[in-house]
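Participant: Quick paste from TrEMBL:
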type	residues	note
ACT_SITE	Cys276	active site, charge relay system
ACT_SITE	Asp368	active site, charge relay system
ACT_SITE	His403	active site, charge relay system
DOMAIN	249-458	domain 'BAAT/Acyl-CoA thioester hydrolase C-terminal'
Amino acid sequence: MSWRSCFYFLRAAHKTLYTLQEQLGLLGRSGIRPSSTMAQTVTPILSVLPTRGLVDEKFKVALENLPPRFPVTLHSLHQSEDKDYWEAFGYYVSDDRGRVTVSEDASLGGTYKGVEPMGLLWSMHPVPGSRTGLRLRKMDVQSPMVVLISAYKGHAFEGFREQPPLASALTERWYMAPGVQRIDIREGGVIGTIFIPPGPGPFPGVLDMWGGGGGLVEYRSALLASHGFVSLALDYLSPKVAVADDQSLVYFEKAFNIIQQHPQVIKDRVGICGLCLGASVTLNVAAYSESVSPRCCVCISGSHVLPAAKSLSYVINDGYKHMDKLLVDEQNRMVWRHAILPITTNPDEKLDMGRIKCPLLLVNGDDDQSKATVESAEDIAKMMRAAGNEHLLTTLNYHDAGHLIEPPYTPHFRASNFIIQHLQQKVLVLWGGKTKPHADAQEDSWQKILSFLREHLYPCPSSSIPQAKL
């Protein structure tokens, strides 16, 4: 990153901090005001280290110079790119030295409890009075998520705007490490974004696909590049993309070839990663493509229950057959998991998993309310066992995790708004999961996904992987 870019990032971060403090009513004429009681003794000091880090990097939050056994609330605040505010908070009591260390001390309540170093991020939720059905997603990966962390006297769950903080600190959370290149792709009808790690290369490659929400989603790809993989974030459902033809795999094969032929990519070490519908596409390509051969595949919250080697439009329209199985709960949230239950025994209605020839990692939550992923994984294992290729399969099932298993410390969304692309209809979808178990699943699965990709894509995993840090 150039000095000019660093200057603009720092200036933007300072401006964001001032704006957040101003909107919360934390600023007086001379900046942040400690309480009158504390000002007469000693000023509390709040530190968040690192001040700049990757989103999957843990930070350390510490508060010093408090009276012994002093109750405080630690509060985090983030304004999303949609201008919505998100917050989390935990209740602490200082030790005999007047310190609170979040990585060592237990939160007694708030949006999370216990010793949770990253609870101020993964337990974030919209502030009271926000719009319904919100989901926090980073769309501009070239700018950081800026989080303001503040300490307040006592244990509060509201009214943060009305009282000045004891101390505040700002931290930046990045998906792109310094030196990662971002390149728009518009080639042969393929739309996407390539992210290239810093350094001479060549690197392994990953074709990265999200689910039925459509559009170009870049943040997981940017993070993969920050960990040493050339990654292509693929747009395959938006109106700008024409993939719904009779050549079911052609678009995805083109995308795979684009990343495989990139001069910074090791040609025979390209994998595919997909979530939800993207996971089903991943399985389809791995099982039926005659022109591309992924080295390994990661499928998050996906299923093999769809017609084999058919166009995307055919697959989507075929789903209409199961509309009578969709449920709406008492809060008007759509529950989709029953659409493919019970798992069919008709081989024409699901992908032939016996055709898989590369290592396959399945990542599922057993409270997934959008897709019957655990049942699908059991059937996939049964099919691969019968075909003699079960040794290629690794399955991770997480208790009380939901559908949207994302990079770590992403807030959990049990339900959120969703646009059905082919109908352009907004609905409220129940994804499932419980906040703490889901957060644990995201942290654990991400490390295992990275380990899986390193094992199967890097020639020498132990020695040649770039270690990106901010």
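Quick reminder: no glycine exception, Cβ is built from N, Cα and C everywhere.
Automatic prediction, not curation, is the source of TrEMBL annotations.
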Participant: Quick one: average pLDDT across the domain 'BAAT/Acyl-CoA thioester hydrolase C-terminal' (249-458), no decimals.
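Facilitator: It averages 93.
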Participant: Using C-alpha atoms only, work out the spacing between His403 (active site, charge relay system) and Cys276 (active site, charge relay system) and round it to an integer in Å.
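Facilitator: Cα of His403 (active site, charge relay system) to Cα of Cys276 (active site, charge relay system) measures 8 Å after rounding.
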Participant: Write down the Cα-Cα distance for Asp368 (active site, charge relay system) and Cys276 (active site, charge relay system), rounded and given in Å.
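Facilitator: Pair distance, Cα basis, whole Å: 11 Å.
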Participant: When you measure from the Cβ of Asp368 (active site, charge relay system), which residues in the chain that are at least 6 apart have a Cβ under 8 Å away?
Facilitator: Ser301, Arg337, Val374, Ala401, Gly402, His403, Trp431, Gly432, Gly433
